[in-house]
Amino acid sequence: MQILRSGDDEDESVELLRPEDDDELVTDAENENENENEELETKTAKKETNKEFWDRQYKNLMHFLVEDWFISAMLGIITAILSISIDVGIELLIHLRNHLFEISKSYHESMGFVVWVSYITFFVWASAIICYAFGKQAVGSGIPEVKVIIHGFKMKNYLSLKTLIAKVLGLTLAMGSGLPIGKEGPFVHIGAIVASLLNKATSACRFNSFFSNEGRSMEMLSIGCAVGIACTFSAPMGAVLYGIESTSKYFAVKNYWRSFFATTCSALIFRFALLFFVPPHIAGTIMAYYQTNFPNEVFVIEEIGFFVLLGVAFGLLGALFVYYHRRISLFKKRNRAFKSVFGNSPISFTVICAALFAVLAFPDGFGTFFAGKMTFHETLVDFIANCTFTMSNVSNNGCPPELVERWTSINGFHPLMTLSLYFTIYFLLVPICIGLFIPSGIFVPCFVIGACGGRIAGELIAMIYPDGFHDETFIYPGLYAVVGAAAFTGSVTHSLSIALIVCETTGQLCALLPVLISLMISNAICSFLQPSIYESIIKTNGYPYLADLPPSRISVHQMKIEQIMIKDIVYITRDTTYWELREILLQTPNLRSYPFVTDKTSMTLLGSVARKYLVYLIQQKLGSEADMFAQRRNDQTSSELFISLRQGSQPMLTDRSISGSTLLPQSLLHDDQGENGPLASLLYSQNEDTTPIVHSMAQKVELLSSKVDLIEVAIDPAPFQLVRGTSLYKVHTLFSLLALNHAYVTEKGRLVGVVSVKELRETLNNIYSRGAVAPRQRVRPINDEENALSS
């Protein structure tokens, strides 16, 4: 339908639209708005000056360089420099020990004994003193602690500069003494500390969200772990995989290239320094590169069965090693006699153990029977040698006399007896030494022990089949040593990346298939029987960490969350009064959040409220009551935070200082709206009026009896929820993947329970022996002091 309208200048034809044509009208309006927006953007873009343009491009360039290249490169370079310095220091101390021993022995045999024992004991004591003075967090491997930190639990001072100093000096002195410990764990810890310090050093570049992203910090720690392994084995590719396996449950593939770039920079600096700065007589000993010369056809198909048996044997031995180490650790913690003697003095026990090892490894004493003077590097080179000690094979396969002489004692011991004694002694000593009050690693000792066991197996097979299985084929005991090293280390650490590390350190791929066969079998057997050595240490020390599930445990699939959840829940409703809220906060000092439900009858879950906001609400209404909110935690309490805020001693609160872990990133709390935002009164302190709120008794009674005004509180409208029929396996997977502290259990929207990391840990505490067992029900939910570490 058309209507003719007369105008002043001209007639216009206007078409009236029918209702069904409304969509076209809306479309035309949207197009007009889009055109207007485009014109506005064009005008705005034209207004940008050259200076503003170049400033914006400069920020983008800095963001790109620092984010993607600078931090990764500096991480690799700094860690490599520290690695080379430590390795050179260790080798100098080892050479000094042997030189002093030879000089003193030339005067008198007893003087040589005194110098040998005193040297080892003194440097171990010095290492323990340094750790005690600078930071006790430097003691041990460091991988279990980094593993816990990466999974979201804060551990005080483990990534500090003082810990780095103690780790570097303590590791140099401890390994320089000759104690049978490794360096890969401390290097992982060192790499993580360097990554953490680099993150702090880039605080001036925090003009965007990248540098303040907590997830990014965890990624940098994982890259630091990979760099630490790369510096230990000169294996950049295998180091990345091992760093991920040993510290992370889940890893973003997009960060692979940063790890590879950092490890490549580390390996490049390592090789450059060895060529130009490290003395030639030391460069060959600190280079973790064990070149093998196996032929391409190093094994025949008949030997596959022996590799399988080797995997089974080392899987059982690896489980025994982990169990033995854990029993030693628990003995030191629980035995009354031990605690009465060494309970308050870990340094004394460390010194005594060092002195006993020195006596045992004395080269002219009992150490003669198991090559006590030789270092792990020297023995590993002999173990993977492309020859046989027994000289059973012909042509070039017999070992040279000087090599055989090193493994033949003065009493004419057979090399197999010396190797067996070496394997037994270090299998018993290493779990004790890695638990001393010094920095120590586990990887290298396990690698050498496995190589020794594999060498024994290879020598026995060579004796049984002196001419090989076919004409012109020979048995290579060095191959069995390589396979044994990978199998035993993989079983103890539950890692499969050992296969790639072995190939990189030996420089050959011909042993890859036997290594993979034996490694997977040993790993599967040990995983079924025992946790990894790192998770065993975590469990022994009681760190707040949710361990991995062992394979083939049917109980984790049959048990439901309703069997382990806590049913006696502390919650708040619309009808909760300030008096009730005050009592709830007093009775539950360790809770960090509270579920918010409709009422006591329906119990429909509406969200959760962080404790910090409720404390703030009480302070705003009733004034400062410092004693009322005293907590058992060592960090600053919520009441102290707000009291100091009111006194003007704290800067204004931001979303980073007040937000709880239960708040989602999409919450209003994270909207940067400044003082005009809906939570401005909560986020920004008003320091103009510092007069404390004072109420009369009647006013307090009236306020306490009134209902809580939840409009002033930041409520998380979507806390993580699970249904009561969820299996324990799925719960464990979700908690591990999302790094959850707790989750609410609902049934058709009704809150029926809550489960936290503590309940999961207690349920899985004896998973290897008894399966999943539901913990005893407690009164309060999430009453876990350990989760306070992850706030």
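Positions of Cβ are set from backbone N, Cα and C atoms, glycine also.
Automated prediction, rather than curation, is the source of TrEMBL annotations.
Residues annotated as compositional bias 'Acidic residues' in TrEMBL: 8-39.
For the domain 'CBS' (565-625), the model's pLDDT averages out at 85. Per TrEMBL, the feature domain 'CBS' maps to 565-625.
Feature annotation from TrEMBL assigns region 'Disordered' to 1-45.
Residues 123, 168, 171-173, 175-177, 183, 187, 190-191, 194-195, 198-199, 202, 220, 223-224, 227-228, 230-232, 258-259, 261-270, 273-274, 277-278, 282, 285-286 of the same chain sit 6 or more residues outside the transmembrane segment (69-93) yet have a Cβ under 8 Å from a Cβ within it. Per TrEMBL, transmembrane segment is recorded for 69-93 (among others).
If you look up TrEMBL, you'll see 113-135 (among others) marked as transmembrane segment. Same-chain residues lying 6 or more positions outside the transmembrane segment (113-135) and placing a CB less than 8 Å from one of its CB atoms are 93, 97, 100-101, 104-105, 157, 160, 162-163, 165-166, 169-171, 173-174, 176-179, 346-347, 350-351, 354-355, 357-359, 362-365, 436-439.
The transmembrane segment annotation in TrEMBL covers 220-244 (among others). Residues 71-72, 75-76, 79-80, 82-83, 143, 146, 149-150, 159, 183-184, 187-196, 198-199, 251, 255-256, 258-260, 262-264, 266-267, 270, 287-289, 443-444, 495, 497-498, 500-505 of the same chain sit 6 or more residues outside the transmembrane segment (220-244) yet have a Cβ under 8 Å from a Cβ within it.
Summarising the annotation, TrEMBL assigns transmembrane segment to 256-278 (among others).
Annotated transmembrane segment per TrEMBL: 298-324 (among others), in sequence order.
Tertiary proximity for the transmembrane segment (345-363) is limited to same-chain residues at least six positions away from its ends with a CB under 8 Å from its CB atoms, namely 101, 113, 116-117, 119-121, 124-125, 128-129, 132, 177-180, 332, 372-373, 425, 429, 432-433, 436-438. The transmembrane segment feature in TrEMBL is assigned to 345-363 (among others).
Among the features that TrEMBL reports, transmembrane segment is placed at 419-439 (among others).
The transmembrane segment annotation in TrEMBL covers 446-466 (among others).
Remote same-chain residues near the transmembrane segment (478-502) are listed as 229, 233, 235, 237-239, 241-242, 244-246, 292, 294, 298-299, 306-307, 310-311, 314-315, 317-319, 321-322, 380, 383-387, 442-443, 446-455, 457-458, 461, 511-512, 514-516, 518-523, 525-527, 531-535 (criterion: CB distance under 8 Å, separation of at least six residues from the stretch ends). Positions annotated as transmembrane segment by TrEMBL: 478-502 (among others).
TrEMBL lists 509-530 (among others) with the feature transmembrane segment. Long-range contacts of the transmembrane segment (509-530) within the same chain: residues 292, 294-299, 303-304, 307-308, 310-312, 314-316, 318-319, 322-323, 479, 482-484, 486-488, 490-492, 494-496, 498-499, 502-503, 536, 550-552, 768, each at least 6 residues beyond the stretch ends and with a Cβ under 8 Å from a Cβ of the stretch.
By number of Cβ pairs under 8 Å, the transmembrane segment (419-439) is matched best by 446-466 from the list 256-278, 298-324, 446-466. Counting same-chain residues at least six beyond the ends of the transmembrane segment (298-324), those with a Cβ under 8 angstroms from any Cβ of the stretch are 427-428, 431, 446, 450, 453-454, 457, 461, 468-470, 473, 475-476, 479-480, 483-484, 487-488, 490-492, 510-511, 514, 517-526, 529-533, 536.
For the transmembrane segment (446-466), the list of distant contacts is 182, 303, 306, 310, 313-314, 317, 321, 376, 379-380, 383-384, 388-390, 392-393, 415-416, 419-420, 422-423, 426-427, 430, 474-489, 492-493: same-chain residues at least six beyond its ends, Cβ to Cβ under 8 Å.
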